[in-house]
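As given in TrEMBL:
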COMPBIAS  479-493  compositional bias 'Low complexity'
COMPBIAS  529-541  compositional bias 'Gly residues'
REGION    479-541  region 'Disordered'
TRANSMEM  25-47  transmembrane segment
TRANSMEM  67-83  transmembrane segment
TRANSMEM  95-113  transmembrane segment
TRANSMEM  119-142  transmembrane segment
TRANSMEM  154-176  transmembrane segment
TRANSMEM  182-204  transmembrane segment
TRANSMEM  216-236  transmembrane segment
TRANSMEM  285-305  transmembrane segment
TRANSMEM  317-338  transmembrane segment
TRANSMEM  380-400  transmembrane segment
TRANSMEM  412-435  transmembrane segment
TRANSMEM  455-476  transmembrane segment
Amino acid sequence: MSQTDAGGPAAADAPAPAAARPTPLAWAVILAACAGQFLVVLDVSVVNVALPSMRTGLGLDESDLQWVANAYTLTYAGFMLLGGRAGDLFGRKQVFLAGLSLFTLASLAGGLAQEPWQIIAARAAQGVGAATLAPSTLTIITSSFPEGPERMRAIGLWMAVGIGGGAAGGLIGGVLTDALSWRWVLLINVPIGVLVCVVAATSLTGQHATPSRRPLDLPGAALVTVGVGAVAYGIARTEEYGWGGAETLVPLGGGLLALAGFVAVESRSAEPLVPLRLFRVRAVWSANLVLVVCGMGFFSMWYFLSLYMQNILGYNAVRAGLAFLPHTIAIVVGAQVAPKFMARGVEPRLLTFAGGAIASAGFFWQSAMDVDGTFLTTLLGPGILMSFGAGLMMTPLTAAATSGVPPTDAGVVSGLLNTARTIGGALGLSLLVTVAADRTDALGSRSADALTQGYARAFLVGALVLVLATALVALLPTRPAPRPAADGAKPGAGPEPGPDEADASHVSAAPDTPGSATAGPDGADTGRDGGAPGQRARTGG
């Protein structure tokens with residue numbers, strides 16, 4: 001029910017009810033969604049540590065190595081919006097299981113690969129599976145839990161697990177490669193994927209498609225998949241050819257043309273893949289803009305720290321992975337602290353601003369790194385600030401990005417969120433790699449000191465990028481706008497949201513309808529409308 005149903009303005013001032021402990025079934029939902037998200041994020045970074053061993057084992061050349069790393073990211077970014085809309089149309093449970101099954105099978109194929117093209121094809125298939133799976137992980141959680149502290153904690157855990165997967169990738173990859181073989185960085189996904197499939201198949205009982213199933217916008221799907229994929233590919237090529245080479249400009253230009261065609265098709269489509277009206281919702285466009293800029297800064301952190309630890313400080317892969325443990329813990333703490341503040345009525349925009357400011361300070365501190373650094377003096381303090389700020393920032397920002405959206409568009413908005421973060425990360429990494437290389441080249445050598453100054457310059461520019469992201473937080477609405485009517489809804493078909501609903505997640509009037517909850521809370525919800533103490537996760541059909 002909505003906050004208006006719960007008693008209007010008077011109820012809005014009531015203290016938040018005590019949160020119920022999640023039931024075993026609720027924990028199963030959280031486990032399935034978080035495990036799926038962990039696998040998706042983990043595989044962005046876990047393979048990097050194993051690349052030298054892959055090169056020896058499969059006879060990969062430099063181009064092959066780049067494709068092993070980039071094939072996953074390219075297909076992941078390209079198919080994300082299609083995966084999000086598929087969840088809305090065909091049911092989140094079905095799409096989650098389909099994506100996870102493809103991801104698991106592709107991991108098996110990659111682990112058994114005998115030729116370079118086989119590992120590259122497997123990584124590309126992994127990316128498609130991840131893009132199909134990832135948007136549903138968030139919408140499964142937000143449509144399964146009632147508004148209030150319980151949902152906020154679930155989102156905080158999802159965010160912590162997701163970001164932590166990136167931080168843990170280096171350690172897990174290093175341990176598996178050193179103790180077993182490079183093949184196990186892929187094969188480890190198989191038993192985990194099978195287990196999560198079983199848990200999801202038995203616990204996700206209320207994630208079916210809505211009765212008014214709409215056709216899939218195939219022209220729009222093709223254009224956005226090609227467009228985003230080509231842009232991501234063009235950005236990846238900048239590392240080898242720079243920003244002015246034809247090898248970079250052709251895919252970038254082609255991708256932008258495809259995206260322009262996508263906008264034209266969507267504006268005329270009766271059943272668009274991405275309804276353009278969503279971009280009139282301030283919470284959606286502003287949060288996604290901040291996410292793009294945040295991704296430009298945060299994604300580069302792991303990359304440059306890994307290079308600094310291994311190239312300058314002489315850490316091996318396992319020791320470098322262990323050095324990232326404080327980052328992982330700090331991210332988890334930040335992501336778990338944010339929902340507690342939101343449950344007490346702290347505005348999400350204020351938390352996002354605070355997280356951005358803390359992370360920016362960490363980046364500035366890290367830019368003072370030198371060739372004689374140590375873990376305690378150079379890595380620990382800045383790492384905790386950067387990571388805690390990221391966790392504190394991303395949880396309310398994710399909540400804001402999915403607020404004010406009708407249930408029928410929950411998946412595609414989740415896809416937008418992931419696409420914004422991925423494209424921002426790819427763009428930021430390419431830009432900062434160029435910044436670091438230019439600084440090192442300007443010193444006229446490839447000495448340890450020159451490399452360190454390049455890494456430090458990248459962190460300095462990354463800090464400025466995060467300052468910009470923090471400033472853009474001002475664009476977020478204080479109270480996210482009411483959700484727009486879904487496509488085809490009659491203007492007067494239902495009551496307009498009351499003033500107290502502006503910061504609610506808008507559970508539909510028929511709470512037992514599968515998928516009736518929206519994609520996510522706005523983060524300003526304090527549990528006022530109901531999270532009665534005995535309320536459980538809505539996993540029933």
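Residue 1 is the first one shown; counting continues down the chain.
Backbone N, Cα and C atoms are what each Cβ position is placed from, and that goes for glycine too.
Curation does not apply to TrEMBL; its annotations are automatic.
The stretch from 25-47, 95-113, 285-305, 317-338, 380-400 that makes the most Cβ contacts under 8 Å with the transmembrane segment (67-83) is 25-47. Sequence-distant contacts of the transmembrane segment (380-400) (same chain, six or more residues past either end, CB-CB distance under 8 Å): 138, 152, 155-156, 159-160, 163, 167, 283, 286-287, 290-291, 294, 298, 301, 305, 324, 326-339, 342, 348-349, 351-352, 354-363, 365-366, 417, 476-477, 480, 520-523.
Through the fold, the transmembrane segment (154-176) approaches residues 22, 30, 33-35, 37-50, 137-138, 141-142, 144-145, 182, 184-185, 188, 302, 306, 316-318, 320-322, 324-325, 327-328, 331-332, 334-336, 338-339, 387, 390-391, 394-395, 398-399, 520-521 of its own chain, all at least 6 residues removed from its boundaries and within a Cβ separation under 8 Å. Within the same chain, the transmembrane segment (412-435) stays apart from the transmembrane segment (317-338): fewer than three Cβ pairs sit under 8 Å, each pair at least 6 residues apart. For the transmembrane segment (95-113), same-chain residues at least 6 beyond its ends with a Cβ under 8 Å from one of its own Cβ atoms are 32, 36, 39-40, 43, 58, 83, 86-87, 119, 121-123, 125-126, 128-134, 136-137, 140, 183-184, 186-187, 189-190, 193-194, 196-197, 200-201, 204, 207, 411. Within its own chain, the transmembrane segment (119-142) is flanked in space by residues 29-30, 32-34, 36-37, 39-40, 43, 47, 54, 58, 60, 64, 67-68, 71-80, 82-84, 86-87, 92-93, 95-96, 98-107, 109-110, 113, 151, 154-155, 158, 186, 204, 207, 398, 402, 410-412, 414-415, 417-418, 505, 517-521, which lie at least six positions past its ends and keep a Cβ under 8 Å from the stretch. Residues of the same chain lying 6 or more positions beyond the ends of the transmembrane segment (25-47) and with a Cβ under 8 Å from any Cβ of it are 54, 68-69, 72-73, 76, 96, 99-100, 103, 107, 123, 126, 130, 133-134, 136-138, 140-141, 144-145, 150, 154, 157-158, 161-166, 168-170, 172-173, 185-186, 189, 192-193, 195-196, 199-200, 202-204, 302, 536-537, 539.
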